[in-house]
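Noted in TrEMBL for the protein shown:
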BINDING   GLN105, HIS107, GLU132, HIS270  Zn(2+) binding site
DOMAIN    1-149  domain 'Phosphomannose isomerase type I catalytic'
DOMAIN    167-251  domain 'Phosphomannose isomerase type I helical insertion'
DOMAIN    331-371  domain 'Phosphomannose isomerase type I C-terminal'
Amino acid sequence: MFPLTCAVQNYAWGKIGLDSEVAKLVVGGDPVAVIERDKPYAELWMGAHPKGDAQIKDNRIAQTTLGQWITHYPACLGSKVKDAFQGQLPFLFKVLSVNTALSIQAHPNKELAATLHAQFPEHYPDNNHKPEMAIALTRFQGLCGFRPVDEILGFLQAVPEFHALVGRDAAEELRSSVGDEVRTGRALKKCFTKMMSCEKKVFVDELNELVKRVTQEGAAGKDTSSSNGDLLLRLHSQYPGDIGCFSIYFLNYVVLEPGQAMFLGANEPHAYIYGDCIECMACSDNTVRAGLTRKYIDVNTLCEMLNYKPASASSKIFPCVPDPADPCVTLYDPPVPDFTVMKIQVPASVKDYTVASVDSASILLVIEGDAMATSAAAFSDVTLTRGSVLFVSANESVSLQVTSQSGMTLFRACSLL
Ligand SMILES: [Zn+2]
């Protein structure tokens with residue numbers, strides 16, 4: 001094991017200065033780090049991705065980055081992980097601090113990713129899938145999956161500007177499909193495709209009309225919830241004239257309380273709106289966008305690929321489970337081999353805690369608390385504080401001597417094949 005200094009991404013949508021959980025963790029892990037008051041701190045990348053390979057914080061180690069270390073000592077991945085993922089760390093672990101919404105998007109499955117990469121390498125840079133998991137650190141707001149049909153029908157009725165983009169035929173088809181799952185999926189696809197295929201002038205006019213109406217109703221003290229008014233105005237202020245503003249009538253608005261998670265499997269439309277979270281994903285950059293973006297939108301691919309299965313917002317919260325082997329561990333174990341996330345909560349009463357070995361390389365992030373970490377294989381002990389990031393090799397266990405009074409909270413990413 002050894003400590004890492006991780007890459008910060010200052011994307012414009014990030015929370016500013018010390019409002020950002022990313023910035024707070026950076027200062028915690030490195031007291032001399034300088035946080036600029038007006039700068040966005042969007043993402044902390046804990047992994048070996050070439051665009052943000054973590055630096056090894058121990059100058060006795062010849063390799064300077066985690067990626068270089070893994071290339072030299074692939075056995076640190078664990079034999080199964082090394083073979084299954086061609087000697088690469090299969091996941092990228094992150095912290096995100098979201099101030100303004102990120103684009104609505106979906107990620108292809110492996111099969112589609114390979115096809116898209118072969119056809120359009122400029123838009124789809126690799127042939128891998130990109131399942132993602134977000135675990136809230138603070139109250140976290142996002143969009144995820146298609147709403148139950150009765151909610152979409154309600155908006156079609158209450159929001160004439162939305163109805164105009166979908167059109168009467170498609171809306172009627174959706175209404176008459178209720179009760180027949182296959183027909184509903186088809187009708188939903190037709191409705192969404194109609195909206196996404198609208199000419200820009202048409203949807204911009206409808207959007208301006210809608211924003212004007214909702215603003216006036218709000219000013220007159222009327223309840224605008226039947227038009228999802230607050231969210232509409234918020235997204236419109238961030239992305240004026242963007243088709244993604246209408247997607248709030250199709251997609252679930254999901255709010256995660258700290259510790260709750262959302263798993264974004266293949267073809268699931270989603271967007272992050274506001275808040276801080278831990279994120280873990282498979283190593284890939286394949287993203288198909290659907291709005292709230294100034295980037296390229298591939299409408300055909302998007303509308304073909306999406307998962308048109310309506311479901312409630314509450315069903316989008318991914319169930320975490322207690323680890324039967326360790327009462328301090330909560331498992332977030334998605335149905336993909338690439339990664340599993342564990343939340344480790346060491347209670348105040350426990351002063352000596354062992355981070356159990358697994359047959360996979362792990363990355364550990366300290367969210368709260370202090371400890372001295374020791375391992376038989378390490379060059380030296382490592383002092384852990386809030387924001388410390390530790391790389392742990394496969395089959396290496398780490399002893400924590402907890403020094404903080406109120407216990408410790410850590411997140412761990414690994415691959416449990
Ligand atoms: Zn995504």
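Each Cβ is built from the backbone N, Cα and C atoms, and glycine gets one as well.
Within the model, the domain 'Phosphomannose isomerase type I catalytic' (1-149) carries an average pLDDT of 95. According to DSSP, the domain 'Phosphomannose isomerase type I C-terminal' (331-371) comprises 0 helix, 21 strand, 20 coil.
Non-local neighbourhood of HIS107 (Zn(2+) binding site): ALA113, HIS129, LYS130, PRO131, GLU132, LEU264, ALA266, ASN267, SER284, ASN286, THR287, VAL288, each in the same chain, at least six residues away, with C-beta under 8 Å from its C-beta. Taking the centre of the Cβ atoms of GLN105, HIS107, GLU132, HIS270 as the Zn(2+) site, the nearby residues of that chain (Cβ within 8 Å, site residues left out) are ALA106, LYS130, LEU264, GLU268, PRO269, THR287. When secondary structure is read from DSSP and collapsed to three states, HIS107 (Zn(2+) binding site) falls in the coil class. Per DSSP, the domain 'Phosphomannose isomerase type I helical insertion' (167-251) is made up of 65 helix, 1 strand, 19 coil.
The list of residues near the domain 'Phosphomannose isomerase type I C-terminal' (331-371) in space but at least 6 beyond its ends in sequence, with Cβ under 8 angstroms from a Cβ of it, reads 4, 25, 28-29, 46-47, 70, 76-81, 84-85, 89-91, 93, 95, 129, 131, 133, 135, 137, 259, 261, 263, 265, 278, 280-283, 318, 320-323, 325, 383-417. When other Cβ atoms within 10 Å of the Cβ of GLU132 (Zn(2+) binding site) are tallied across all protein chains shown, the result is 23. Across the domain 'Phosphomannose isomerase type I catalytic' (1-149), DSSP classifies residues as 40 helix, 42 strand, 67 coil.
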